Each structure stands twice: as structure tokens, then as C-alpha cells.
Amino acid sequence: MARPDDEEGAAVAPGHPLAKGYLPLPRGAPVGKESVELQNGPKAGTFPVNGAPRDSLAAASGVLGGPQTPLAPEEETQARLLPAGAGAETPGAESSPLPLTALSPRRFVVLLIFSLYSLVNAFQWIQYSIISNVFEGFYGVTLLHIDWLSMVYMLAYVPLIFPATWLLDTRGLRLTALLGSGLNCLGAWIKCGSVQQHLFWVTMLGQCLCSVAQVFILGLPSRIASVWFGPKEVSTACATAVLGNQLGTAVGFLLPPVLVPNTQNDTNLLACNISTMFYGTSAVATLLFILTAIAFKEKPRYPPSQAQAALQDSPPEEYSYKKSIRNLFKNIPFVLLLITYGIMTGAFYSVSTLLNQMILTYYEGEEVNAGRIGLTLVVAGMVGSILCGLWLDYTKTYKQTTLIVYILSFIGMVIFTFTLDLRYIIIVFVTGGVLGFFMTGYLPLGFEFAVEITYPESEGTSSGLLNASAQIFGILFTLAQGKLTSDYGPKAGNIFLCVWMFIGIILTALIKSDLRRHNINIGITNVDVKAIPADSPTDQEPKTVMLSKQSESAI
């Protein structure tokens, strides 16, 4: 390819970034040592950039205002865009180093702590429903009362999501994490004082606090992944953060039937078993709150990706929470995703809440196996989540993957519905696992797809709205499916969910895939976001600009 010539005059069209004072730098130069070689000799005008001391600044000024000059000798002229302020300065001006991108080892600690206290919160959500008949007999209340111990998680989320996301956007990640972990711990201790048959209201109070804690937990996976992890691992990190919540649901399906067996004839033993479960949960929640206070940091020293560097460079006063909400609701693809995510996740919440009742309808006395089926459903979903996260990091095929998983979840729900009453419980284990693999595996897909199509809006806000939609659909689906199950049997309730999931497939197919964050990370910018050129050891190779006589005029 020909080198740039020495003709005077503007070689770049007005309005292009090169016309605003960008310097072409040799692609192979290491960070901090890039150089521009002027025309008057091999080292006549060479100067390092990226914050290092400069030589021949006057010569550098000539590059900006004078004739086009060739770069350092290379077979081809390959350059990446560097703001002129970083490479050439007026005499006496202070150097302005470029923002660096790097990965912090602490990111794994932050992810682990979050995943663990999210696990405990999810465990407390499902610990009543999976042994609903036991708590129904102990407290002397109806099944609807026990269902509300689960649905209060969904109910509390809807009105509190907006102040919670505002807090996350304005006060930061650490304070939000402390509130989530702290309220989770407090709610667990309150429930320890409810182990008497007339104190159902106390256990409801503790569960309400845990449900408020959930508001400060569910919106964090995509924010933690974006703030702490590089572009090649962000989807996997998000899936891992969601995995903690799913694992908590799995443990909630497994442990309560084992720790609190159905001993209605011995109330004292039953109370002792419930107390053991509550105190054990409180001890773990307390330990995790302490770890959160010690080790959970706001953000790493350096941004992990080009997209985060661009966001951190934006002036804070330009951010408006109300404007961000309006932008999200004007984004038609996001609105469609909001509905489809709510349908899928709401169906999962409903199935999880009513699983014990569905199983006991056809398999009397199988409380323990009902918990194991729930465990199978969630563990299979955990595998699905990780595989989907790895697949997204590798392919970036967000819409295609989301649509395929949605279709397979629908097929799994249909199979589960029509095999539940075959009287072979092993079949329910298999179909429950298939359903969980795709239905639970969908959860991180929705988060990451939302971040992609709404960038640069806050990840916490988009995730929070997705979760609010899930809670609303979860309440409606649980009430409707519970009523249908009581009046007509589990099959009627499950068919109700199948119809809604089919609608979700149609709406998912209509979503336009605009991967804004991914485009920033690979160097493609749009009018809304300015990418900051900074090297990262894990980022994709920076895009290059090939300069020649023909390409200069074509730009």
C-alpha cells in the first residue's frame, strides 16, 4: 500500500476524527513508546507519547498543521487513532496520559462474595415454598399464606426498583452491595425469632426484609461484570454472578426437606428443626456481610475495557437518571426484551413456587423428591447459564442465542406439562432437568443482551427494569397458575404458561440486534459515545486506519 504523500492541504474530509487533530501512530509500537517519525531524518522528530516526556514538540506541531508526513518505516502504513492532546502538546503544557485498561485480580474476590450472599438470599426465597405443607401445618395458615412468603420477593421489587437503581447509579456499587448483604443478614436473624406457631407475622416480617435486600442484589450481576471484567470475559462473569442466585435456589430446593422433615405429630421436634435451619442461615449471612464490608470495592483502579473507559471519561454532571429511564423506554428493542424476559423469568418463578404442590398432586408424600426435582431443575440451569455465557463471549450472537434458548425452553415446558402425570417420577426428574437447563440458562442471556442494546445507559438500570418485569409477571403467573392448579389440576396451570412462552418467542424474534457495547470494544463508534483509545492486554486488537492517496480522499 502506498505511503501518504507530501502534498500540503487537508487530506481528511471535514468532520472526520482525523481532521480534529488525531495522530496516526505505528501499530506495532508498545504503549508509552509510540513514535511519529518526521520527514527530516530517521530520528529528527521522534517523540514518545502516552504521558512520557516529549522531544521536538515544535516538530510535532508541524505534523498537525503542515504537510502530511510519513510514519516510521513499515511495509504498510497501519495506524490507530490517538487524540492529538496525548501525542502533541504546546510548549509548557502538562502531559495528559491516556487512560489505561487493565484487569484487577480482585475482580474474582468481588464476584465470589457477591455470588455467595446472592445465594443466601435466593435460599431464603424458596425455603418455605418447597415444604409448603410443613409450614402450613406448623403456623396453621393456608397455602396461599405460604405462597405469599415467596411472592413477597416479587411484590417488594416492583415499587423499590427505581430508588434502588437510582442509588446504584448515584452512590455506587459498594454501598448497594452493603445494603443488599446487610438487609439479607438482618432478615435472617428476625426469622430466628419466629419459631413459634403463633408468630407467622414475625417470619413474614423477616421475609419482607430479605425481599427488600433482593432489590439491591438482582440488578448487580451485569454491573459487576461490566465494571470489573474485560470484554472477553464479561458475559461469563455475568453468568457466574447469576449462577450464585440460581445455586441458592438449588440449595433451597435441597436442604429444607432434609433439615425440616414432615413431623407434624411432634411439634417440638418440628420447631427445633426449623430453628436449626434459620440459625444456620443467619450465621452464614452474617459472615458474608462482614466479608462484603472488608473486601468489596467500588471499582478497579483502571477500567477493564474500552467501553468502561469511555463511560468513566464522561462528565458525571451529564448523567440524568430520569433521562436514562426515558431513553430505555424509547428503545423499542429493549421494551420488547423487557416483556419477553418478564414472561420467561416469571414462568420460572411460578414453576419454582408451585413445584411442591404440582409434584404432591400426583406423587403423594414425595416432599423430599419434590425438592430434588427442584434441585435438578436449577443445577441443570446453572450448567446452561455458564455454557450460554461462554458461548456469548466467544460468538457475540446475542439475539440468535436468546431466541434459540427461548424456543427450547418452550419445548421443555410442553414436555414437562404432558409427562408430569405419567406416575413415573424418574421421568419428572429428566423433564425437569431439560426445562431447567434452558429456562434458567436464559436468565444471564437477558441481562447481557439488554446491556448490549442499551449501552451506554447504566447496566444497573436496565437490569433492574428487567427484574421488575420478571417480578410483575411472576406474581401474575403464580396467582393464575396457583388458581388453575387448585381448580383444574397442574396440567391446566402449565398449559397457561406454555401459551405465554409461545407469545414470548414471537416477540423475541422481533427484537432488533444492535450490539452497541461490543462495537465500542472492537473500535466501532457511533454518534452517542466516544471510544477512548487505550490498550488492554485482554481486549481485541485495536482497529487500524489504512492511509493512502486514495483512502485519504475517500475518508
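Each Cβ is built from the backbone N, Cα and C atoms, and glycine gets one as well.
What Swiss-Prot records for Q471 is choline binding site, and it gives experimental evidence as the kind of evidence. According to DSSP, Q471 (choline binding site) is assigned to a helical segment. Taking the Cβ of Q471 (choline binding site) as reference, residues of its chain lying under 8 Å away and at least six apart in sequence are, in sequence order, Y153, M154, L155, Y157, V158, G346, Y349.
Residues or ranges marked as phosphoserine in Swiss-Prot (evidence: a large-scale study or a structure entry): S56 (among others).
Swiss-Prot lists S536 (among others) with the feature phosphoserine, giving a large-scale study or a structure entry as the kind of evidence.
For 1-52 (among others), the entry in Swiss-Prot reads region 'Disordered'.
What Swiss-Prot lists as region 'Disordered' is 535-555 (among others).
The topological domain 'Cytoplasmic' annotation in Swiss-Prot covers 1-99 (among others).
Beyond the topological domain 'Extracellular' (125-142), the same-chain residues lying 6 or more positions past its ends with a Cβ under 8 Å from any Cβ of the stretch are 149-150, 153, 197, 200, 203, 207, 210-211, 214, 248-249, 252-253, 255-257, 260-262, 264, 267, 270-271, 274, 277, 281, 352-357, 360, 367, 370-371, 374. Marked as topological domain 'Extracellular' by Swiss-Prot on the basis of experimental evidence: 125-142 (among others).
Residues 138-140, 205-206, 267, 271, 274-275, 278 of the same chain, all 6+ positions outside the topological domain 'Extracellular' (193-199), place their C-beta atoms under 8 angstroms from a C-beta of that stretch. As annotated by Swiss-Prot, topological domain 'Extracellular' applies to 193-199 (among others), with the evidence given as experimental evidence.
Among the features that Swiss-Prot reports, topological domain 'Cytoplasmic' is placed at 229-233 (among others), with the record citing experimental evidence. The average pLDDT computed for the topological domain 'Cytoplasmic' (229-233) is 82.
The annotation topological domain 'Extracellular' is assigned in Swiss-Prot to 260-265 (among others) on the grounds of experimental evidence. Nonlocal intrachain contacts for the topological domain 'Extracellular' (260-265), taken as residues 6+ away from its ends with a CB within less than 8 angstroms of a stretch CB, comprise 131, 133-134, 137-138, 273-274, 277, 367-368.
Swiss-Prot lists 296-331 (among others) with the feature topological domain 'Cytoplasmic'.
Here the topological domain 'Extracellular' (363-366) has long-range neighbours at 423, 425, 428, meaning same-chain residues at least 6 beyond its ends whose C-beta is under 8 angstroms from one of its own. Marked as topological domain 'Extracellular' by Swiss-Prot: 363-366 (among others).
Among the features that Swiss-Prot reports, topological domain 'Cytoplasmic' is placed at 454-461 (among others), with the record citing experimental evidence.
Look at Swiss-Prot and you will find 513-555 (among others) tagged as topological domain 'Cytoplasmic'.
Swiss-Prot lists 100-124 (among others) with the feature transmembrane segment.
Beyond the transmembrane segment (143-170), the same-chain residues lying 6 or more positions past its ends with a Cβ under 8 Å from any Cβ of the stretch are 125-126, 128-129, 132-133, 135-136, 176, 179, 200, 203-204, 207-208, 210-212, 214-216, 218-220, 223, 319, 321, 324-325, 349, 352-354, 357, 458, 460-461, 464-465, 467-468, 470-472, 474-475, 478-479, 482. Residues or ranges marked as transmembrane segment in Swiss-Prot: 143-170 (among others).
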Contact ranking winner - 173-192, 200-228, 332-362, 424-453 against the transmembrane segment (462-487), Cβ under 8 Å: 332-362
Range from 266-295, 332-362, 367-395, 424-453 with the greatest count of C-beta pairs under 8 A to the transmembrane segment (100-124): 266-295
In contact by Cβ distance (the transmembrane segment (266-295), the transmembrane segment (424-453); 3 or more pairs under 8 Å): no
Residue numbers, six or more beyond the limits of the transmembrane segment (367-395), whose CB comes under 8 Å of its CB atoms: 126, 130-131, 133-134, 232-240, 242-243, 246-247, 249-250, 252-254, 256-258, 261-262, 351-352, 355-356, 359-360, 401, 405, 425, 428-429, 432-445, 448
